[in-house]
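Student: Following this message is one structure expressed as structure tokens.
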Amino acid sequence: MTKFVFVTGGVVSSLGKGIASASLAAILESRGLKVTLIKLDPYINVDPGTMSPFQHGEVFVTDDGAETDLDLGHYERFIETRMKQSNNFTTGRIYQSVLEKERRGDYLGKTVQVIPHVTNEIQEYIKRGAGLGTPDAVDVAICEVGGTVGDIESLPFLEAVRQLALKQGPNNTAFVHLTYLPWIATAGELKTKPTQHTVQKLREIGIQPDALLCRAQHQVPEEEKEKISLFTNVPEWGVISMWDVDTIYKVPRMLHEQGLDGLICDKLRLNTPPTNLKRWDDLVHETEHPQGEVKIAMVGKYVELSDAYKSVNEALKHAGMQSHVAVKITHVDSETISDANARDKLSQYDAILVPGGFGSRGVEGKISTARYARENKVPYLGICLGMQVATIEYARHVAGLEGANSTEFDPKSANPVIALITEWKDADGTVKTRDENSDLGGTMRLGAQSSDVQAGTLAHSIYGDVVTERHRHRYEANVQYLDQLREAGLVISALTQREQLTEIVELPKEVHPWYIGVQFHPEFKSTPWSGHPLFNAFVKAAIERQKAPRKP
């Protein structure tokens with residue numbers, strides 16, 4: 001029977017519920033259990049697809065084309081289970097489903113209310129995410145409830161998980177509450193009162209935590225744990241310190257050494273082999289003992305919030321581990337770059353990466369970045385928009401297509417080398433269409449797609465005959481310009497079979513040592529255990545660049 005662990009948060013947001021949940025999942029997985037994670041988001045958006053990266057951070061895309069919370073990226077990097085649409089849902093999706101049922105008459109004329117209709121729907125989504133009653137059912141489903149206890153938005157979710165725990169029984173459910181202990185410098189002590197209050201709020205709802213994860217800058221002293229235990233009705237061994245660390249990959253070991261997984265297994269009556277965290281220890285050792293360093297410039301539009309590029313940042317770090325080097329990433333605002341100052345801004349880096357993005361702001365700076373990398377033989381990786389700006393730059397300055405641009409930025413461009421995709425096959429094989437008047441939400445080319453890779457290319461040396469990666473974009477290289485770009489020397493090394501959509505562009509080895517742009521998002525499939533072949537090759541190219549003489 002599937003067991004459930006519900007992870008809630010209190011006092012403030014952004015405490016790291018996602019990392020805590022993923023770490024617990026990793027420990028349980030190391031005990032031989034089949035684990036999945038489910039993220040419950042209390043906002044009314046149907047999904048985060050139309051939300052600003054400045055507000056929400058990265059949108060993580062799954063193989064089945066779901067646009068999800070960035071925490072699902074942590075989940076995939078920490079455990080073996082691949083995430084799907086059913087692993088993330090929002091208040092908006094729940095209400096959408098309830099209203100559709102009401103319109104169909106599924107509620108038989110009843111007055112539709114938060115309790116029981118919305119809370120029942122939440123429970124059904126949770127059970128679906130856990131695969132309950134199917135061959136895909138897991139041993140343990142860890143459900144992270146977004147938001148903060150006390151917020152009005154989270155109340156239906158908390159009520160739903162309370163009800164689900166009651167139905168499943170005490171030996172099939174556990175509650176873990178993440179809280180914050182502020183350090184008052186003038187008093188020289190940690191304060192436990194906010195934690196007492198947040199647990200009190202949780203107990204008023206009808207939820208008694210089995211474990212408290214106490215976030216603080218440093219380890220929580222034993223006397224403070226005793227005090228917290230007394231006032232929250234949580235046994236002392238369930239009050240667990242979760243302090244700041246220099247790498248998130250230390251968290252599984254931290255939680256295990258304080259007995260969190262043992263507590264959960266006892267509560268859920270799970271008889272498992274001992275925990276084996278050797279590969280996590282090896283991973284931490286690798287991060288702490290690099291044999292060198294490479295400097296990479298990430299030229300983007302959302303650099304004020306590093307979470308906007310969370311998976312790219314992690315993929316670069318993973319690739320560094322594969323080559324035993326530390327990757328020092330500098331986020332450079334593309335609005336600050338032009339042809340005139342690109343050398344001053346970028347010459348100190350070993351490689352350049354231009355990630356994805358939407359809208360015209362900062363695009364010319366990205367085009368200047370691609371030009372600098374091409375002309376100065378700097379290793380270049382363009383992802384999604386990064387591939388498109390590389391194509392625009394090449395069209396303008398090599399192919400002689402004056403005014404070349406994307407119709408996203410200039411609808412009246414004389415040479416629209418990048419244009420809106422009007423028809424494509426989605427991840428599940430269905431043919432989708434759209435035009436400039438279509439809704440923004442849920443109308444992109446999304447999910448895993450496969451393409452053949454041209455032999456003898458850089459892409460082929462990385463991927464082999466076929467590339468399968470996840471997509472999230474509306475615009476694509478214009479098929480009408482491919483022959484002109486090829487004649488000018490641009491290598492189009494991967495195309496989709498049906499629509500002939502460009503997946504990868506690159507420069508020949510004799511022209512540039514390492515220059516490639518991909519329309520997809522390879523960062524979503526990188527893991528700390530093996531990295532990702534494209535990022536691994538990119539970091540190796542940066543290492544080679546270090547050895548080469550630089551232009552003054």
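Heads up, the Cβ atoms here are built off N, Cα and C, so glycines get one too.
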Student: Given that Swiss-Prot lists Ser14, Leu15, Gly16, Lys17, Gly18, Ile19 as binding ATP, which residue among Asp69, Asp71, Asp106, Asp136 does it place in the same site?
Tutor: Asp71
Student: Of the candidates Arg470, Arg472, Arg474, which does Swiss-Prot annotate as part of the L-glutamine site that also includes Gly357, Leu385, Gly386, Met387, Gln388, Glu408?
Tutor: Arg474
Student: What does Swiss-Prot list, out of Lys110, Lys225, Lys227, as binding the same CTP as Ser13, Asp151, Ile152, Glu153, Lys191, Thr192, Lys193, Pro194, Thr195, Gln196?
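Tutor: Answer per Swiss-Prot: Lys227.
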Student: I'd like to confirm something. Which of the binding-site residues, Lys17, Lys193, Pro194, Gln196, has a Cα closest to the Cα of Arg474 (L-glutamine binding site)?
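Tutor: Nearest candidate: Lys17.
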Student: Per DSSP, Leu385 (L-glutamine binding site) is which: helix, strand or coil?
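Tutor: Reduced to three states, the DSSP call for Leu385 (L-glutamine binding site) is helix.
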Student: Based on Cα distances to Met387 (L-glutamine binding site), point out the closest of the binding-site residues Ser13, Gly16, Lys193, Lys227.
Tutor: Gly16
Student: Measure from the Cβ of Gly16 (ATP binding site) and count the other Cβ atoms within 10 Å, all protein chains considered.
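Tutor: 19, counting other Cβ atoms within 10 Å of Gly16 (ATP binding site).
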Student: Among the binding-site residues Ser13, Ser14, Thr192, Thr195, point out the residue whose Cβ has the most other Cβ atoms within 10 Å, with all shown protein chains included in the count.
Tutor: Thr195
Student: With a radius of 8 angstroms around the mean position of the C-beta atoms of Gly357, Leu385, Gly386, Met387, Gln388, Glu408, Arg474, what other residues of the same chain does the L-glutamine site pick up?
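Tutor: Surrounding the site, in chain order, are Gly356, Phe358, Cys384, Val389, Ser406, Ile418, His473, Tyr475.
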